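Heads up: the structure comes next, in structure tokens.
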Amino acid sequence: MKNILFIVGSLREGSFNYQMAEQAEQVLAEKAKVSYLDWSQVPMFNQDLETPVLPAVQAVRDAVEAADAIWIFSPVYNFSIPGSIKNLLDWLSRAKDLSDTTGVSVFQDKVTTVSLVANGGTDQTAEIYRNLLPFIRTNFVDEVTTSRVNDSAWADGQFVAEQETLEQLNKQADALLAALAD
Ligand SMILES: Cc1cc2nc3c(=O)[nH]c(=O)nc-3n(C[C@H](O)[C@H](O)[C@H](O)COP(=O)(O)O)c2cc1C
């Protein structure tokens, strides 16, 4: 089975994007092995911190390198990518060997895809990922699932995916697995 690494772009306990990732995990059950990236210790990017490679940075690089594909679950902040997840992607986009900054990163040709849970700005943020992920040389699977936050979730914390969302998640999972079979 292929290894799919989930990157949940919210560190918030009870994150709706984390709950969406759990739905995707169920969709992938029996089809792929899923793990979640712990990126909570990655510092703010600073070129002065690149060498020697920090343990927290090495850990996320190793996890990405070991995965067959990456599935990002992202909130929308101010109609854009949250700075925290952009920071992580910036770290991971850097060349493994900095003697040539144009060299390969752990993202080189990695199959990636994105889902978003938010109420406003999902289209704009999906468009940013559509540009960013190929730019950092990943093999982007454009079957983006977007979901609104159900009204009751703001009160009880429980994200409930609509049927249409679950259908699109299934389609996205199939497209991701098909990209890995190529
Ligand atoms: C700085 C900030 C900006 C936000 N901007 C948006 C936005 O543009 N659109 C939106 O639908 N929600 C916005 N939200 C609300 C988030 O969608 C909400 O906090 C959501 O719970 C974040 O996802 P999570 O549950 O996975 O953490 C914003 C939240 C924060 C903290």
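Glycine too: its Cβ is placed from the backbone N, Cα and C atoms.
Predicted automatically and left uncurated, TrEMBL annotations should be read as such.
As recorded in TrEMBL:
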DOMAIN    3-143  domain 'NADPH-dependent FMN reductase-like'
Counts of helix, strand and coil residues, the domain 'NADPH-dependent FMN reductase-like' (3-143), according to DSSP:
52 helix, 28 strand, 61 coil
Could you tell me the mean pLDDT over the domain 'NADPH-dependent FMN reductase-like' (3-143), as a whole number?
97
